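Chemist: What TrEMBL shows for this protein is this:
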type	residues	note
TRANSMEM	B:20-41	transmembrane segment
TRANSMEM	B:47-66	transmembrane segment
TRANSMEM	B:78-98	transmembrane segment
TRANSMEM	B:110-129	transmembrane segment
TRANSMEM	B:136-157	transmembrane segment
TRANSMEM	B:169-189	transmembrane segment
TRANSMEM	B:201-232	transmembrane segment
TRANSMEM	B:259-289	transmembrane segment
TRANSMEM	B:301-323	transmembrane segment
TRANSMEM	B:329-349	transmembrane segment
Amino acid sequence: MTGLEIAGLDVARDRCPVLQGIDAQVGQGGWLAVIGPNGAGKSTLLKAVAGLLPYTGTVTAAGVPLRGLAARKLARTIAYTPQDPVVPAQMSVREYVLLGRTPYLGYLAVPGRSDRAIVDGVLERLDLGSFAEREVGRLSGGERQRAVLARALAQQAPVLLLDEPTTALDLGHQQQVLELVDRLRRDDGLTVVTTLHDLGVAAQYADRLLLLVEGRAVASGTAAEVLTPESIARHYNAHVEVTTGTDGRPQVHLVRPGRDTAVPVRKADA
Amino acid sequence: MISRPAIRRRPAAEGRAYVAYAVGTVLLVGAVIAGLLVGAADLPVRGVLLALMDLLPGVSVDHGLTPVEYALLMEIRMPRVVGAVLVGGLLAVAGAGYQGVFRNPMADPYLLGAAAGAGLGATLVIGYWDVESVAGIGVVPLAAFVGAIAGVLMAYALGATAGRVEGTVTLVLAGVAVSAFLSAVQTFVMQDKVDELRRIYSWILGSLTSVGWTEVQLALPYAAVSVFVLLLHGRLLDVMTVGDEEAAVLGVDAAKVRFLVLLAASLATATAVAISGLIGFLGIVVPHAVRRLAGGSYRRILPLSVLAGGAFLVVADIIARTVTAPGELPIGVVTAFIGAPFFVVVLRATRRVDL
């Protein structure tokens, strides 16, 4: 079954085309990474799919066309976390995650027992149980990112859009968050779409990649198909070497231009 | 599937909320009793307390107050204290609503031109209209009420049409522009009517001197509606704390919530201003202090602001009418004078991250 299907998507901002003719497909439980140089329109694509920007073309999630869906119904279908989430510093983690239940509540309704139970389950799953009463503003970067993810999971939407979920995190926490997302999609069949600026990470985790350049899709497919040294040189203006890792996935290494690949040795060190 | 034992810790925030409600209620009741006991004429404490118990449904006791004392209690002090509770609660809950909508701890109920509009309305009537009341309603409160609503509507209309800057920035700027414009007109009128300056200033600084049962009765329906609507929006204001965009992702139309909350908060502000004139500082400081002491959820901040704001203004009014007795201090002076140091204490005691 198709998790998410994007067909002929155009987005314009202030009458200026930002995305043109984007097509992409990802199966249920799949992971699509949207990659591309800065300003290519990666975040714009996610925002359009999340219903935050007007677009032409069609987006279908779990067989349902998203256009014209009521706001709450849309929020039950697609969960989205922005690159830079606004965190209400004085709210407790539990209350913050409870916001994820909003799409299931009527205008003036308050969260009930089942909403709280779902939130408790999510907190436990993301190892946030011991932080539940802590203020969001007091969390570390990694914990905060988990809290944001927890809020999105509390929406119980089949499609999860994450805009650069690891930008602010150190290596260890990056890995932790990405492994978590990978586990969630395998356990729950969540369809995941992320923008990722780190090509190495994208190659490791996503099963499909979509390369955007200046608002157009220039390549899509598996990591091995999309991430070639030539394509990266052309679109990123970067000098890289691509090797194949033991798992068969490509690995991307930066190569410094105008030097030998050997590490320079300074006299003092020698 | 393994069922989990039913023992669940009550979340700490909830437990803290019960304590906060209890403390708020005790403070309010205590302030009201103090407000009824303190005054120029000494009323017997026992008599006043018995008379209050006598008011409770199903209780009948002999209070032993003389008819004059009883009338003083019921017709002078009681409406004034009730008026203080109303005004304090309204300004505080309106301030909480404004702070929630603008996601800004510096927002207060006068942000969008309510104060400037009310000020101009009152000044115009004091300056140019030699009538005290129309159909039993004082013209100055009426003009202040209409002016406050008109000021906010002007700012809202201007903010909604003047471009599409993200979020609330346009709206705040429109409020600044409208306030400046209305204040300029007010200053012009005051220059023209120099002999009325004293009356105008005493209105601007706020007072509860002339509050009687008529004023309370007139204000009550507006107060009830606005507070009710605001309290209903607690959860949605919590959703708004993550910003318009993320609120939209959660299925909430931030612009709609903002409009309804501003409407209710402005009605509350206009009602308060009509009863008492412009009382400053309370609307910004009370919800802020409540937030610091009871946590960041608007589902608690809004009701607690009503309790705390009411108690705060009753206490401020006691000080206003006793410190320079038999004269009276303008209550706006007292709220700022005791409010500012109190706020500093709260800030220092609760060093938390900001809103």
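Any Cβ shown, glycine's included, is placed from N, Cα and C.
Because TrEMBL annotations are produced automatically, they should be read as predictions rather than curated entries.
Since this is a predicted model, take the numbers as computed values, not measurements.
In the displayed structure, how are the listed features positioned relative to their neighbours?
Modeler: Packing against the transmembrane segment (B:20-41) from elsewhere in the chain are residues 48-49, 52, 69, 72-73, 77-78, 80-81, 84-85, 290, 293-294, 300, 303-304, 307-308, 310-312, 314-315, 317-318, 321-322, 325-326: each is 6 or more residues past its ends and has a CB under 8 Å from a CB in it.
Remote same-chain residues near the transmembrane segment (B:47-66) are listed as 33, 36-37, 73-74 (criterion: CB distance under 8 Å, separation of at least six residues from the stretch ends).
Only residues 6 or more beyond the boundaries of the transmembrane segment (B:78-98), in the same chain, are considered here, and those with a CB under 8 A from a CB of the stretch are 28, 32, 35-36, 107-109, 111-112, 208-209, 211-213, 215-216, 219-220, 223, 226-227, 230-231, 233, 237, 261-262, 264-266, 268-269, 271-272, 275-276, 279, 282-284, 286-287, 290, 298, 301-302, 305-314, 316-317.
Outside the transmembrane segment (B:110-129) by six or more residues, the chain places 98, 102, 139-140, 142-152, 154-156, 171-172, 174-175, 178-183, 185-186, 189-190, 192-193, 196, 199-200, 203-204, 262, 266, 269-270, 273-274, 277-278, 280, 283 with a CB less than 8 A from a CB of the stretch.
Packing against the transmembrane segment (B:136-157) from elsewhere in the chain are residues 112-122, 124-126, 129, 171, 174-175, 177-179, 182, 203, 210, 214-215, 218, 259, 262, 266-267, 269-271, 273-275, 277: each is 6 or more residues past its ends and has a CB under 8 Å from a CB in it.
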Chemist: For the transmembrane segment (B:201-232), give me same-chain residues lying six or more residues beyond its boundaries with a C-beta closer than 8 angstroms to one of its C-beta atoms, as numbers and ranges.
Modeler: 75, 79-80, 82-84, 86-87, 89-90, 93-94, 96-97, 119, 122, 126, 136-138, 140-141, 144, 260-261, 263-265, 267-268, 270-271, 274-280, 302-303, 306, 317, 320, 328, 330-333, 335
Chemist: Six or more residues out from either end of the transmembrane segment (B:301-323), which same-chain residues have a Cβ under 8 Å from its Cβ atoms?
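Modeler: Cβ under 8 Å, 6 or more out: 20-21, 24-25, 27-28, 30-32, 34-35, 38-40, 80-81, 84-93, 95-97, 100, 208, 227, 230-231, 233-234, 237, 279, 282-283, 286-287, 289-291, 294, 329-331, 333-335, 338-339.
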